[in-house]
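Colleague: What follows is a structure written as structure tokens; I'll ask about it next.
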């Protein structure tokens, strides 16, 4: 009987792993329910602190602060799932040694089992924050916002899976993940504007390697493009400043490509991180 299970087909292996991993996530109080509760609480906090932006000149800074908090801290919190990743890796190593399933099936099962949960913690907090704060109206803008948040959360989970495969120690893994995320946030383009980041080492390559760069660009383009803000420094018919000017002159956002390119880069990074994770655990066998 065990032998038959060990030689199950690839498709059946994937389905079994997706089902088991999804059930474990759902039952894990810390991984699933606590994180969902914290994300909802943070969304309500953001929605009340930044309630109803409007289009005043001051709202330009407030919008940037909100979007950067979301692209930085909300994704940063995904590190909290690291203990579950470590335990999952231990189970994988034991079952892999017994020949129950292959590395590719494990990576696929792990990826697809986490997608529904990440969708939930992307859509619900996004809806709360988006409409309380009065971000740019339109289903297309809301959907893009949720897609970028979903991609960034899945990216962080992919990154932490890589860390858990290299640094199995819980404390060292948390510190390593925090350090990597901290550097990415630092050069993501908000705390230090892109044109002011030192070219050697920090801008090339780290600014372009950090996924926060594309999260920030995508969210900022999605929010500012098409808006007009009051400019108290100018009187008359030209007293407004457009969102496009804000993006280029204030936030120094690269406008040579659309926000959908930023999203495509994030999706490509997800695939790259998962493939890298696959090669690491395959190489460790």
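Placed from the backbone N, Cα and C atoms, the Cβ positions cover glycine too.
Nobody curates TrEMBL annotations by hand; they come from automatic prediction.
Per TrEMBL, domain 'ABC-2 type transporter transmembrane' is recorded for 13-224. Under the heading transmembrane segment, TrEMBL lists 32-54, 66-86, 106-130, 142-164, 170-191, 260-281.
A description of the local structural setting of each listed feature is requested, covering burial, neighbours and distances.
Modeller: For the transmembrane segment (66-86), same-chain residues at least 6 beyond its ends with a Cβ under 8 Å from one of its own Cβ atoms are 24-25, 28, 30-31, 35, 38-39, 42, 46, 50, 125, 129, 133, 148-149, 152-153, 155-157, 160-161, 163-164, 168, 170, 173-174, 177-178, 181, 185, 188, 190-191, 212, 215-216, 219-220, 223.
Below 8 angstroms of C-beta separation, residues 13-14, 16-22, 25-26, 32, 35-36, 39-40, 42-44, 46-47, 66, 70, 74, 88, 92, 96, 142, 145-146, 149-150, 153-154, 157, 161, 274, 277-278, 281 of the same chain, each at least six residues beyond the ends of the transmembrane segment (106-130), sit close to that stretch.
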Colleague: Counting only residues 6 or more past its boundaries, what in the same chain has a CB within less than 8 Å of a CB in the transmembrane segment (170-191)?
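Modeller: The answer is 64, 68, 71-72, 75-76, 79, 82-83, 86, 156, 159-160, 163-164, 197, 202-203, 206-207, 209-213, 215-217, 251-253.
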